[in-house]
Amino acid sequence: MDITSLLAQATQPYQPVQPRQALDNSVDYMERLFAQLINFLPTLLGAVAILLVGLLIAAVVSSIVRGIFNRTNVDNRIAAAILGRTDQRDLPKVEKVISNFVFWVIVLITAVAVLQTLNLQVVSQPLNTFLNTVLGYIPKIVGAIILFGVAWVVATIVKLITTRGLGALRLDERLNTQFEDRTAASQNQLSLSETISNALYWFIFLLFLLPILNALELNQALLPIQSLITQVISILPNILAAVLIAAAGWLLATIVRRIVTNLLASAGSDRLGARFGLRQTTAGQSLSAIIGTIVYILILIPFAIAALNALRIEAISVPAIAMLQQILNALPLIFTAAIILIAAYFLGRFVSELVTNILTSIGFDNIFSVLGIPTRRTRTTIVQASTQPDATRVATTTRTPSEIVGIVVLVGIMLFATVAAVDVLNIPALTALVSGLTIVFGRILAGLAVFAIGLFLANLAFGIITASGNRQAQILGQIARVAIIALVSAMALQQIGVASDIVNLAFGLLLGAFAIATALAFGLGAREVAGEQVRELLTSFKSKRN
């Protein structure tokens, strides 16, 4: 009799019996119970033995699995590769997770075996069903792991081949020479070969993701992944075509830039650029390099448009192509504006030197003395920068008035040329801005001319008045000069356009105050003389009347 029948008998309802019969039944019940326990004891001992052996096997197998992973270091490499880390620090303990999984699987099998040994079908049935499900899914997991391992091996081989191949072609060195910053460290350079290798590495994993999910029978997750992979594969030819077009354009632009740069450098364009401050130093480029870069960009723009057209992604290509097309259409206008500015600069330099020479020959350098402005002699100051033999000497010179006028003429010509160049570009806002600056510059020049003429007239009046030799001539001359300077200052400010109403009001108030002060001074100072003259007039009038 098993434990189930014993439990059934124990749960039967109590029925009253006779004392003698009850005693006999009790003795009989205890004998049968003891016999059943004796019969059940081997089963119980077998279940305990199975449990102990199962726990021992689980501990031993778990320890062996953990030791294997600790010795091989394969798990850390796989985890680092999956997580995309170059180092193996702070990685999840894969060996601990796998060993614990093996341990609990064996413990679960042992528990099912123990329950079946004890004939506890009610308890063992759900565990047995769960265990069958887990064990039935293990081949799928193993298949997925095998596919993942194959994907990792293939991706690693492709990445290694790509890195070595692009390294043999020296693609990174050739690319970094185009955008090299001479002051930047080498670790900040762009590694295109590594970028391409990583892209291919993860793309292979993406391709193997579909069979891995299929092996796991994850149908719900399989549909969106399958749609994604289909879209990616369908767009791959367009991406490859765009990359090939862009690479061909970059190669052609690089070759043409080197040819143009070397040709212009051999023709002596760098010496011409050095006259305008374009020197090949650590902070700048030579004229030949600048022209070569411009040619490089001009070649790249059509290829960029063609690459975007080949990509066939309207959300990206349409606005980018429109922008590049606008730049391409604006290039002739930009070149025309640049030619206008260059021609104006050379013309301005010629006219500036011509005006400077003419003014110097007619004695314009003495204009400050004529205007009565104190000047100091032109001098050259030599500043010793260092005591070293290769120390530089800095020379500062004072420009003559003729040179200043020449610079003003050059600036004026460049301003007018800028207006014409901006008008060619057809940018109304920029045209209005430059035109406004030109008008302001003209007003300032006109104001300075008015002020210079006023200074000349003030000094001329001062000289004429003081030439009479009277005692009050010096005071009257100063008054006349101050009055003329005040008048021309107001006229100059009004010509410049600096708060015309305020200038007129201030000049009127100043002139009125001066007139009132003069009248008061004359009236109060000559009161007695005026009274005597009035009395004489009255006396003369009365005498004539009598």
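Just so it is clear, glycine is given a Cβ too, placed from its N, Cα and C backbone atoms.
TrEMBL annotations: computationally assigned, not manually curated.
Listed as Cβ neighbours of the transmembrane segment (40-61) (distance under 8 Å, sequence separation of 6 or more from its ends, same chain) are residues 2-3, 102-104, 106-107, 109-111, 113-114, 117-119. Residues or ranges marked as transmembrane segment by TrEMBL: 40-61 (among others).
Taken from TrEMBL, the feature transmembrane segment applies to 97-118 (among others). Tertiary proximity for the transmembrane segment (97-118) is limited to same-chain residues at least six positions away from its ends with a CB under 8 Å from its CB atoms, namely 3, 43-44, 46-47, 50-51, 53-55, 57-59, 61-63, 65-66, 69, 75, 124, 127-128, 130-131, 134.
Sequence annotations record features per position, and here TrEMBL assigns transmembrane segment to 138-161 (among others). Panel annotation: around the transmembrane segment (138-161), residues 78, 81, 197-198, 200-202, 204-205, 207-208, 211-212, 215-217 of the same chain, lying at least six beyond its termini, place a Cβ under 8 Å from a Cβ of the stretch.
As annotated by TrEMBL, transmembrane segment applies to 199-216 (among others). Only residues 6 or more beyond the boundaries of the transmembrane segment (199-216), in the same chain, are considered here, and those with a CB under 8 A from a CB of the stretch are 140-141, 143-144, 147-148, 150-152, 154-156, 158-159, 162, 222, 225-226, 229, 232.
What TrEMBL lists as transmembrane segment is 228-253 (among others). Under 8 Å from some Cβ of the transmembrane segment (228-253) lie the Cβ atoms of residues 206-207, 209-210, 295-297, 299-300, 302-304, 306-308, 310-313, all in the same chain and six or more residues away from its ends.
The transmembrane segment annotation in TrEMBL covers 287-307 (among others).
Within its own chain, the transmembrane segment (327-347) has Cβ neighbours under 8 Å at 298, 301-302, 305, 413-414, 416-418, 420-422, 424-426, counting only residues six or more beyond its boundaries. Sequence annotations record features per position, and here TrEMBL assigns transmembrane segment to 327-347 (among others).
The transmembrane segment annotation in TrEMBL covers 404-424 (among others).
Summarising the annotation, TrEMBL assigns transmembrane segment to 444-467 (among others).
TrEMBL lists 479-496 (among others) with the feature transmembrane segment.
Annotation source TrEMBL lists transmembrane segment at 502-525 (among others).
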Contact set, same chain, for the transmembrane segment (404-424): CB under 8 Å, 6 or more residues outside the stretch: 333, 336-338, 340-341, 343-345, 347-349, 351-353, 355-356, 359, 364, 430-431, 434-435, 437-438, 441-442, 445
